[in-house]
Amino acid sequence: MSFISIIRNTGACRCSCREVTKLLSICISTSTRHFQNFSRSVAFKILRSEHLALTVMPRLHPTTDSSFILGLSLSEVTKQLKEGSLTPEDVFYSYMEKTLTVNQKLNCCTEILLESLDQLTTVGSNKDGLLYGVPVSIKENIAFKNHDCSCGVVINLDQPAEKDSVLVQVLKKQGAIPFVKTNLPQALLSYDCSNPIYGQTVNPHNPQKTSGGSSGGEGALIGGGGSLLGIGTDIGGSIRIPASFCGICGFKPTAGRLSSQGVRPIYRGQKTVSSSPGPMARDVDSLALCMQALLCDHMFSLDPTVPPLPFNMEIYRSSKPLRIGYLESDGYTHPSPSMARGVREVKALLEQAGHTFVPYCPLKMDEIVPELWLRGLLADGTTTLLQKLEGGPVDPCLEPQIFVYRLPKWLKKIISFFLKPVVRCFDYIQETIAHWRSCNIDVLLCPVIGPAYNFLYCGKTSVNTNYTFVYNLLNFPAGVVTVSTVTAEDEEEFEHYPDKFDKVLKEAVTGGEGLPVAVQCVALPWQDELCLRLMKEVEQLVKESKK
């Protein structure tokens, strides 16, 4: 039954907010989860049904000034909720309506969490929580009781989580309302955002571009204005890349700083590269507030493996001059011209603000990249991954990688021999920390992947992820801040990039004028607050420079 007929048959104009939201969730579920089974015309009718339903929603909460609420920052929303000038219902329904509108355009959501409606009626008991009344979006692979964590893989469907992840439990304890799950790439194995279950998520700034991945649904939803705060995961740049592509802020904490209990990986036991859940938002203060809320006694009690280290606000708010390492290129691959320019411009602003810069170059990148490919991707001959994909369709964004995964075992052994690791992970971490200290730097400013790629190019240019995945290997906290937009001059500079990989990169980012440009900030392990402090200063200086 189409949503139009549901509205007509049930008299949606007379329904409560709860009933209409339930109906809308049916519509999202139909237009995403079973998208592959419908023709384009049927899918288009479903989208029109959503549009009709959205015209009903404002009438159900007529006193809400949604445009005003949607324009507030997270800190402003939390302040007004505490003061009582806004109610949780005001904020919830404003963002629910906006989320549904954004999803029509970007296909970034996988399902509405109807339990959020029940939580909305009881959230007053958590009024002292740091995120009281704040609707929060979560990535699809983060467990929410009675909902799937499919990772975009068909074989994982209809296996609902038995309980909430630790992160979801802590969010609720802090008064937040998880209200929607967001899209990701199949098996979390691409920095695109497409899978056979939920389809392709597109970029909020240009629908001909990808949102990035693997937390691409979060990037698109937040970048499109449909969420104030989201929780993603990062195993090779999966928070930072969509943050860069979609023009928002994203932070990968030190792995282990936040609990990963209830965060589903595609396969377990992978130790070389550390995955980490982390916040995504419009501004750095929102990231810091989220970290402060999550790093609480409740999380430390639920997951005793997490070190009981509360958020250090003193470090975050410090104004002490920093010694900042910087690089425009890591010597292995070139960043795009716009991303290199972003680093140069931010460096100049930070120097004017009194900070000291030291040239820095990552160690042994030509050795580390094969190390990661060998251990991370060929560790078990990709047997586990192929078993997960067996019997179901493979998304086009994964096809270039799947070709390698399906090579015969004898050939993989030969490849493994020639790619034999020349440096052990632990040794590399210690060498890098020693190199960092010999440079006497506090933090690092460097490029991130971007601007947003054209579709299907993420699988062709995986080598460019070295700018992000090295900090997963090292387990250094890292975050991304948007600082500029791509210019025509940036695109013209590609004429001077002769390398074969640079040619593919040029094809990937062609047509990017006007898209967001970002920089990456990095700190040593467990110095998450210091990394966020640099991100905040970058954000402030860039904002002031544009006045």
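Note: Cβ is positioned from N, Cα and C throughout, glycine not excepted.
Fair warning: this is a prediction, and the values are worked out from it, not measured in the lab.
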LEU188, ILE235, GLY236, GLY237, SER238 bind substrate per TrEMBL; candidate in SER214, SER259, SER260 listed for that same site: SER214
Cβ neighbour count within 10 Å of LEU188 (substrate binding site): 26
In three-state DSSP terms, the structure that LYS139 (active site, charge relay system) belongs to: strand
Residue with minimal Cβ packing [other Cβ atoms within 10 Å] among the binding-site residues GLY236, GLY237: GLY236
Inter-residue Cα distance where the pair is ILE235 (substrate binding site) and LYS139 (active site, charge relay system), in Å: 14
Among the substrate-binding set LEU188, SER214, ILE235, GLY236, GLY237, SER238, as the record gives it, the longest Cα-Cα distance in Å: 11
